[in-house]
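A quick write-up on the structure given underneath.
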């Protein structure tokens, strides 16, 4: 239980491990997760440490596993996660793992390369098939000519040249036109990306000066890029031209636009024959591709069954060798030496883990764990569970507590949801929040197993117990405020009654009714629990609630701050720091109590003494003569009397009030120089006494060396002032102590005023939440309730959905977040500033669980 209110007691230990047993022992400590190792080789480069080769081998294995995982995800194969946590394999098993991963990677890369080559071949054949099909359409359009390309040729040859020719027009290269046997057509065909067609056409026209004829047709079905696997859209084109110069130019343009050119025979019979051959080869390729994909799928399915466990094993091996690199070797190179922080209460568990590791390794030399004395501050380790983890995280994000400092988390489990509920007090909204929290708590195991990568959801789920408690406390304060979705519950019957009011008056009442507790409408006893529901209908509702919630905020705020100051007493007592108790705690309590807690006492006196009454006999105890707490407090600080009417007799709430207030004010003002000067003066006095003691000791020591004093004066007690004097040489200068204490005093005095005012946010946010709830009811849901007839049902259905969405999004989520942040600020600034130093550093043990969770989060990102 001590570690709940204070961080666990830590000790620095020295660990001696035999080289053969070091791996197994560190593995057992990693499973235990209670040891934080220190780096004993801070000046050694990471590439020059003993086990750097093993770490590199693990990095290489992890790279291969990531490659396998990427391929498995690409094929959308589910990876089996049994939830098992396999132990770290022995060092000799690394060779088997490396061989397995090497074989899988090589096999998969070979399959991928073959599949890519087959897909590229398949793409080329598919494009060639499309070219043969589309160009056949081009040629069929001109079958009526003596030559299939005659009409196309006419676009490339001038009319004068056609008129001078005696034979049929032929399209061919000039040097081959005189030899019809060796004639071949001057055209090229190919495939290009569809989005490049417009630019391709413009470039051909400009580069060839319009002396080419281009036809293109789109390929309807998308084609798969073998390199990226993306679906791309392409078009078939055919270009007719004359001469080798144009041919060279056209081919360069095609190359620049990354168009793929394919051979295309001119003769229809040749095209048909080629098309049949292409179709046969495509069918064969489809068969081979199917077999290749089946083989790849079988390899990946087999790997998917074990890849999770492989990742765990490799990461554990890597973590062990990385930790072993922090160790130091002894002179004989047979023993590894480590230094580590461990919790004192867990020393026995650590010894058992080391013993198990030694037995696993088969070593005959047991490990040695020695406690060491050190002047260093140990790390802070707070034991947490799934319930307290979220509350502890609130303070860890503000600052890690100093070693053995009071841990405010146990108190925050109550104060945090309570302060939140004061600002969020609504039974309906609190019920929604509590139900959400209870649902997450009841289903925490299946929800945690999903391991969502949604950051907002992870924040909600991590704080599920905070949300649940905030909801329950909001339900309680909602009943106190009697506020349920801007309406009130009349459970016990109102303590007000209606007198001398007719039915017509009520129906024709233009404004809300003013409640006067001095009238006969009030029956004389209060509503049993919370606010009377009749205040919901009163005209002076806001005035009454403002006064009530404002005083409630001040009372809770000052109590909260006094509790923080009280915690500082137990903190100083634990560290045996009596100087801080005398010079800081006592004046702080006096200053805060004699001024601000006195104001709280005046509130209770006013509530008990004064009451609403129209009786002239008790008019001096009525609301007219009740003094204002704020005016009374201001006049107390200014040392002035509070003015009052003659009929009130006096402004004092109790006899001797002015004398007591002057005494309290004087005591509070005396505390300011007390806090400012007492501690520095006492430190200065102690230093002078210590230095005088040191001078006397040095004189006695020199006299002894000269034979002027007896040898018997040299005893153990005379050495203590020497050491003390040497330690004080490194102490903080007195000027800095005065400055630090001055800052601390100013901060506390002014902070007491500002922090008290800061707690008024409890009243302000509570009022804002209630008003927003009323606005949503009056301007949204109330509109649906006023529609009559069958249309009212339809309108109410729609309006209720809108009201529900606005309620959840604005009043529950946005207002809830606002109240959460304000509550967090009250705990961080107003509460923690009274006692919490937060100058420690977190205990970060070597734990496989933490390492694997961190690796999983990095992978998800």
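The chain as shown is numbered from 1 upward.
A Cβ is built for glycine as well, from the same backbone N, Cα and C atoms used for every other residue.
The average per-residue pLDDT of the prediction over the coiled coil (51-135) is 89, rounded to a whole number. Annotated coiled coil per TrEMBL: 51-135, in sequence order.
If you look at the transmembrane segment (413-439), the same-chain residues 6 or more away from its ends with a CB under 8 A from one of its CBs are 388, 391, 394, 464-481, 483-485, 489, 552-553, 556, 560, 761-762, 765-766, 769-770, 773, 807-808, 811-812, 815-816, 819-820, 822-823, 826-827, 831. Taken from TrEMBL, the feature transmembrane segment applies to 413-439 (among others).
Summarising the annotation, TrEMBL assigns transmembrane segment to 459-481 (among others). Within its own chain, the transmembrane segment (459-481) is flanked in space by residues 386-387, 389-391, 393, 413, 416-418, 420-422, 424-438, 440-441, 444, 447-448, 452, 489, 529-531, 545, 766, 770, 816, 820, which lie at least six positions past its ends and keep a Cβ under 8 Å from the stretch.
According to TrEMBL, the feature transmembrane segment maps to 552-570 (among others).
The transmembrane segment feature in TrEMBL is assigned to 585-605 (among others).
The transmembrane segment feature in TrEMBL is assigned to 658-678 (among others).
Annotation comment: TrEMBL describes 705-727 as region 'Disordered'.
Annotation source TrEMBL lists compositional bias 'Polar residues' at 712-723.
Taken from TrEMBL, the feature transmembrane segment covers 762-782 (among others).
Summarising the annotation, TrEMBL assigns transmembrane segment to 794-814 (among others). Residues 426, 429, 432-433, 485, 769, 772-773, 776-777, 780-781, 783-785, 787 of the same chain, all 6+ positions outside the transmembrane segment (794-814), place their C-beta atoms under 8 angstroms from a C-beta of that stretch.
For the transmembrane segment (762-782), the neighbouring stretch richest in Cβ pairs under 8 Å, chosen from 552-570, 585-605, 658-678, is 552-570.
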